[in-house]
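Q: Just lifted these from TrEMBL, have a look:
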type	residues	note
SIGNAL	1-24	signal peptide
DOMAIN	35-120	domain 'Ig-like'
DOMAIN	128-223	domain 'Ig-like'
DOMAIN	235-326	domain 'Ig-like'
DOMAIN	331-417	domain 'Ig-like'
DOMAIN	423-510	domain 'Ig-like'
DOMAIN	515-607	domain 'Ig-like'
DOMAIN	614-709	domain 'Fibronectin type-III'
REGION	693-717	region 'Disordered'
DOMAIN	714-807	domain 'Fibronectin type-III'
DOMAIN	809-914	domain 'Fibronectin type-III'
DOMAIN	918-1015	domain 'Fibronectin type-III'
TRANSMEM	1029-1050	transmembrane segment
COMPBIAS	1061-1079	compositional bias 'Basic and acidic residues'
REGION	1061-1109	region 'Disordered'
COMPBIAS	1096-1108	compositional bias 'Polar residues'
REGION	1134-1155	region 'Disordered'
COMPBIAS	1141-1155	compositional bias 'Polar residues'
Amino acid sequence: MEMLLSGRGLIISLIFFLLKFSTAIEIPLSVQQVPTIIKQSKVQVAFPFDEYFQIECEAKGNPEPTFTWTKDDKPFNLSDPQIIVSNNSGTFKIPNEGHISHFQGKYRCFASNKLGVAVSEEIEFIVPNVPKFPKEKIEPLEVEEGDAIVLPCNPPKGLPPLHIYWMNIELEHIEQDERVYMSQKGDLYFANVEEKDSRNDYCCFAAFPRLRTIVQKMPMKLTVNSSNSIKQRKPRLLLPPPESGGESSLTILKGETLLLECFAEGLPTPQVDWNKLGGDLPKGRETKENYGKTLKIENVSYRDKGIYRCTANNFLGSATHDFHITVEEPPRWTKKPQSGVYSTGSSGILLCEAEGEPEPTIKWRVNGSPIEKNPFAGDVVSSREISFTNLQPNHTAVYQCEASNAHGTILANANIDVVDVRPLIQTEDEENYATVVGYSAFLYCEFFSSPEAIVSWQKVEEAKPLEGRRYHIYENGTLQINRTTEEDAGSYSCWVENAKGKTAVTANLDIRNATKLRISPKNPRVPRSHTLELRCESTCDSYLKHSLKLSWSKDGEAFEINGTEDGRIIIDGANLTISNVTLEDKGIYSCSAQTALDSVADITQVTILDVPDPPENLHLSERQNRSVRLTWEAGDDHNSNISEYIVEFEGNKEEPGRWEELTRVQGKETTVLLSLAPYVRYQFRVIAVNEVGRSQPSQPSDHHETPPAAPDKNPQNIRVQASQPKEMIIKWEPLKSMEQNGPGLEYRVTWKPQGAPVEWEEETVTNHTLRVMTPTVYAPYDVQVQAVNHLGSGPEPQSVVLYSGEDYPDTAPVIHGVDVINSTLVKVTWSSIPKDRVHGHLKGYQINWWKTKSLLDGRTHPKEVNILRFSGQRSYGMVPSLDAFSEFHLTVLAYNSKGAGPESEPYTFQTPEGVPEQPTFLKVIKVDKDTATLSWGLPKKLNGNLTGYLLQYQIINDTYEVGELNDINITTPSQPSWHLRNLNAATKYKFYLRACTSKGCGKPITEESTTLGEGKYAGLYDDISTQGWFIGLMCAIALLTLILLTVCFVKRNKGGKYSVKEKEDLHPDPEVQSVKDETFGEYSDSDEKPLKGSLRSLNRDMQATESADSLVEYGEGDHGLFNEDGSFIGAYTGSKEKGSVESNGSSTATFPLRA
């Protein structure tokens, strides 16, 4: 047996023990004892829809009790054939068959054995009649308008509760108001009738919900005759009835609901009011219903007795009625007699006290008979107690105490058992218990003993009673061991001893490791709308893992097992995830771990951060021309300290409604002295900032207007816009609205030639541009711009130097020469033009060149000009990316900001031969076991006179090891193919082909192929189609195919089927087919494979190849070959090849291999 031992479990266990000590001793059924009724019916109603009606009475005792019944205090025989009696109990059933009304009455059960008789409380069995309205003829009612009338209902009697409704024949409720009222008895009252009250279908319905029955009274007809002279009258009470006089008495039971009603007729309709004479109506328990006609007081107490008055008023008078209310109460126990177990020679007392109004009468019985008829020697009997002295076994009996008054009777049984036995231990022997280290352990030893016994515990191996403050033995025999340790594990013996003897049982205790728990992270601070993730890390004893359960709660309220339906809160075992957190998610989160033996919890404080609330109550003080003090109150920072405040202003006349930042203030400050500009109507607002973000802006402050003043600053960024020669368009940044300081802003512009001893020329403008004509081109001027408004001028302006408009350069540079660097690159040198001929700021020089003809075939080229610019003052430039072996023309010109000047005289030069580009293709068109034939195409650009080709090849065989490179020089430029001999059979080769001029050979193109094997497919490509055996084979295949198709067609027409193998032959798998095809050769679409080994340089005896130069490498924008001034950096050299030979776009053919 295992126990739950946590803080909460310990408290529950202690409460259980205390309750156990406070109740009567439970006698085991193995000991002889008087009967005790353990179950009985209360009021039983024979509802017509029930199958049967059961009246229960069950009791225990030793010897086993027998049962008898009384009905209405007379013996009741259970031998009636209509009754079904239960075995071994007093319970019996009355089937709902036929007439059962004769069973109605008050029953009492008697359970008896040789030691005594127990008596049940009265059990009332009610057989309700089916309620019906009597069949009657209701005469029509006819009244004059304004008269009072009552429509009687007189509902039939039936099982309460009773609900009454007035409706018409269409089941629509008759409307009730101050004039029309239904009484508690169901009658319908009219204080004064109106013509609209006429109808012939007033129906009274009585509903009995417990019987599931509604009955209807015959419809009544009411006719209201109109009258021209309706007389008004003062109120007259109809409820209570006039015959009751001005007062009446009513008794109400304590705890019930008091309902008083008053209804008066009269015209105008009277109003009803209530009061209590000599006191106030009970507050909180009284309500006035039905337009004040009903006073309702719930849960009536004794202090509610007294006189209640209702008053009906209209302007003609009033009527009153007094209700004398008496509060009484059925009997209730104040001291109920308690059963007891006594030993021979002991003494005892039975107490029986009850309260009620009127005061209850108390009677004693013994074994169901009046005590006067069965006195015991030594008993002292009074109305409220019985005393026993020197009890003997024959005193064993059941005593009954009965209290009754006018409102009911209550009865209680008290067993007096005189027993002398050896202790009986009711806890099983060898019971197993477990707890965890540090918690308390409880070992049970429940027993029965009479006379009283002494309980002791000991550890089996120590054989001596347990001693020490950690051990406590309760009166019921339970042993508590506090603050357990691992050493407390083992077997314990419980010994119980009295004067009749002693008995013992053994209990076994296991000690487990305590469960540990930790929530992470601790006390997190999470911004609003972010995700909160909490983890509950727990460890427990291996024996307890199967019972470990984790649960989460917030502020003491548990979460659902899996979180919320919307998925915002997700609980996955030890993990709690809350998405899109809000301020309501802050609080103390707890994770609890519970096992079969202990429970532990850990908490963490979750703080939700949010942007601050806006600052409040902005106030302006210390108002000056150029400053004002702004003060505010901080809003809620939402758990994150305010780091700073941003003060913004609005007042820009050009952009009204636009808020701009004025200053920032540290978060601990809530006031700032603001520096202001003149001539602005300011309004301020404040934004609070914390680690989460910015608050909404505060409400704006009051306005503060500063007076105008002269400008504090002059325009900035004075410059000249691109203009015509001898012209200056002067521009500047205009002052912003907040910088103008006053009305009437203008700009005073002054200028003069730089350094000239002449007067300043001046002009005042309102915009921010001025056009000035000058006598010379690109001349320097001193220029000043000053801000001016109606209140004065700005500070003394600073001079800036501006130049008048530029013109185009009017002379061309002279080309000194063109030095050919290589077949694609030349260096051009020229003389600079004089400064006075630039007519502006020299930006650089431009080279124009174009190809005139090819020296290879002498063809003339159309003029296509190429341009390359060089920034700054320089006298040379490099021209790249030229075609080799060609003639070019070249010019040089200067350019400034205005544009380019005239070109120089064209200079003619020629480029030398270069190396060719790679051949356009290389293919192996024929292969045998030791030969291969290669074919190729001319390069797109020969770059000179072609002298031949260099063919190289080597063995590769699909490995990283390669064979020696073999060279073949082909000196016939027009030859488009080559036949290689003496190759190895079934060997893979890689071929390289370069085109050559007198300057060397170009880049290679590559190809791979494999020679054929021995004896198979030799000479497959040597005109195979002309061989006789091949022609015969093809004819045989065609004939077989025709026969096969014919057979399949015949089978299909006959409905026959062909085999799966035939299907596969007709529809081969494309994947299998492709594998078969690949056995006839290999194909490689790679241009080059990484090779290693003893590879000779493919560049031997070759000149350096020449790179494809680009304009980007030499013109403006170059980052590698030119300095900022455009000068050439480093020597120009061709790139050299390293490693394996390069190839571009090779293609290979597929050839058959020898099997």
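In case you wondered, yes, glycine gets a Cβ from its N, Cα and C as well.
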Q: The region 'Disordered' (693-717): which same-chain residues, six or more beyond its ends, come within Cβ distance under 8 Å?
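A: Same-chain contacts beyond the flanks: 611-616, 618-620, 623, 625-626, 628, 630, 632, 635, 646, 648, 650, 659, 676-687, 732-735, 739-743, 745, 747, 768, 785-795, 797-798.
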Q: If you run through the domain 'Ig-like' (235-326) with DSSP, how many residues end up as helix, strand and coil?
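A: Within the domain 'Ig-like' (235-326) the tally stands at 6 helix, 55 strand, 31 coil.
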Q: Work out, from DSSP, the number of helix, strand and coil residues along the domain 'Fibronectin type-III' (918-1015).
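A: In the domain 'Fibronectin type-III' (918-1015), the DSSP-based counts are 0 helix, 51 strand, 47 coil.
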Q: Would you say the domain 'Ig-like' (128-223) and the domain 'Ig-like' (331-417) are touching, if the rule is that at least three C-beta pairs must lie under 8 angstroms and be 6 or more residues apart?
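A: Counting Cβ pairs under 8 Å, fewer than 3, so no.
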Q: DSSP helix, strand and coil counts for the domain 'Ig-like' (35-120)?
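A: The domain 'Ig-like' (35-120) comes out at 3 helix, 46 strand, 37 coil.
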